[in-house]
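Some notes on the structure that comes next.
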Amino acid sequence: MLPNQLLLKFALRHPLPLIGTIVLGFSGALFNGVSTMLMIPVVLGLLGQEINLKGAPPLLQQAFASFEHLVGDARFLTMMACVLVAILLKNVTSYASTLTSGHLSRALVSDIRKEGLRLLLDVDLEFYVKTKVGDLINRLGGEVGATATAIRTAVQMLSTVITIFVFLIILLSISWQLTIISTVLLAIASLSNSFFVKRAEKFGQQLSDQSRDYSVAVLEMLSGIRLVKSTASESREYQKLEQLIHAREDADFRSQANASLIPPVNEMIGILVIVAILLLGRLFFRGQIEALSAILLTYLLILFRMLPFVGQLNNARGAFANLAPSVSVVNEFLRRDNKPFMSKGHIPYTAMTEGIRFENLSFTYPGHDRQVLNQVNLWLPKGTTLALVGSSGAGKSTLADLLPRFYDPTAGRILLDDRDLKDFELCTLRQSMGIVSQDTFLFNDSVRNNLAYARRDASDEQIIAAAKRANAYEFIVKLPQGFDTLIGDRGVMLSGGQRQRLAIARALLRDPEILILDEATSALDTVSERLVQGAIDELRRDRTTLVIAHRLSTIQTADQIAVLDKGHVVEIGTHADLLKQGGLYAQLHSMQFSEEPQTV
Ligand code: ATP
């Protein structure tokens, strides 16, 4: 879809404010034109000047004729009152038009934001691997605002064009010769604006790029604030961001300098047009200038009142060009055809009866050549535990990510009770799974709300029971406000082990049928590890569990252990079987045993 089509698509979703803005613009133009047209004859009449309407446009003659039954000052005073009413109506419609276009603009911002948010929630994880969060926040914030302004500018341009059109008709009815000349002169003036418009677009692109770079850099700095502080890199980070701020300031200045040139240039050209018309009028109406002075003055006044609208149109062209890059960014962002989306499946998932089969599973990350999983065949019966072990990079996390369909296999399939995972509704399927990983995510909210995140209807009793089973109750009640304590961004107020136990309690509360565990107890001390391990054992009980094991001591009781090496399953069996085989598992085991004798 072209950016302009995007603007039209969103604008058409709000037909009433859109039509309102245009109709009000048109009415304003009409009142403006009528009041201007009557102004000079009325003023001259009030000053006692003889008005000769011979040769005046029929429109003006008709307007005068409706007041013919009145005599003397009464006639011109009544006409003046009409002019004032027309000016009042023009201002009322212009106020209403501003409100309506403001409403349209706000509605458009909300619409685009909502569509952007929906897209962000629908799109696959793969999209996030390639896209920076700062960039996304910038798109949803500044760029959407700029796009809405672009739409509003386009609507205003339309209503300005209507106004100019109405003025032109009045001018044509007064003198078509002068109007042709003034139109040609004004068109040349507008063409000369193209230079500024082109530059406005270039500066708009620079501004858009720099806003993105700045947002990305700030977010990255904030996400890595611990690293920044621990390496005492504050001043380096500050300088990097300072440069970005200055670069943006410079681009903003260039953009403003260019945009500010448009009005004075237009005004000068407008004055030149007026002078030219005056001179040409003298030439055309030589000999009858006295008689036609009222009409010529009216013409000039209308032209004079029209010029700001021509200027406005030219300014709007510049502003629109300046905003066009943001429209392109938002257009690109809202496109769904170039982003990854999972097929959603159609069968609601209810319960498993037999188990999960990984069948000839191969996987390559999108956009990469290297196969990360190669012909993996595994069988995980219901209610049992399958542990994945292997060296770093062997493909354990990748295999675990295929189960909740964060990615789909490139070849082979995963069967749940003999039915392809892809057939199940994605939403109900994921609801049946609980994932507890090493990098536990906690919201900046109370302990209670963090626990109940996956189950909003959980009662206090259920929350407390889950916390107790996860060995988390004791530390929670010791927090300043117990379950109502706010735990800070990502749970910074808690220790690693406490965060993990909260994550486990959350999973217990959710009570998932299938559990995916990324066991990471290496960062914890022995007491913490024991508490976490106890909580994990509680969580695993009677569930179908896939465990990524980093410490072999924690999975010795697993029903099956699969050893992965470079994407292949090289060994499978129980702890005792694998030790007996004396293969890779036995090697890994003896290595860990010598490194960490206390944990085995
Ligand atoms: P670890 O024990 O260190 O977590 P792992 O066995 O879980 O390792 P994976 O994380 O599954 O290994 O990674 C397997 C391979 O896939 C690695 O070579 C890794 O570089 C690659 N990989 C992981 N994630 C991506 C990604 N999003 N895009 C491309 N390649 C990836």
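Cβ atoms are placed via backbone N, Cα and C, with glycine included.
Annotated in TrEMBL:
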DOMAIN    19-322  domain 'ABC transmembrane type-1'
TRANSMEM  21-47  transmembrane segment
TRANSMEM  161-189  transmembrane segment
TRANSMEM  268-285  transmembrane segment
TRANSMEM  292-310  transmembrane segment
DOMAIN    356-591  domain 'ABC transporter'
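The transmembrane segment (21-47) makes contact with the transmembrane segment (292-310), as judged by at least three Cβ pairs under 8 Å among residues 6 or more apart in sequence. Within its own chain, the transmembrane segment (161-189) has Cβ neighbours under 8 Å at 22, 25-26, 28-30, 32-33, 36-37, 56-60, 266, 269-270, 272-273, 276-277, 280-281, 284, 295, 298-299, 302-303, 305-306, 309-310, 313-314, counting only residues six or more beyond its boundaries.
Taken as a whole, the domain 'ABC transporter' (356-591) shows an average pLDDT of 86 in this prediction.
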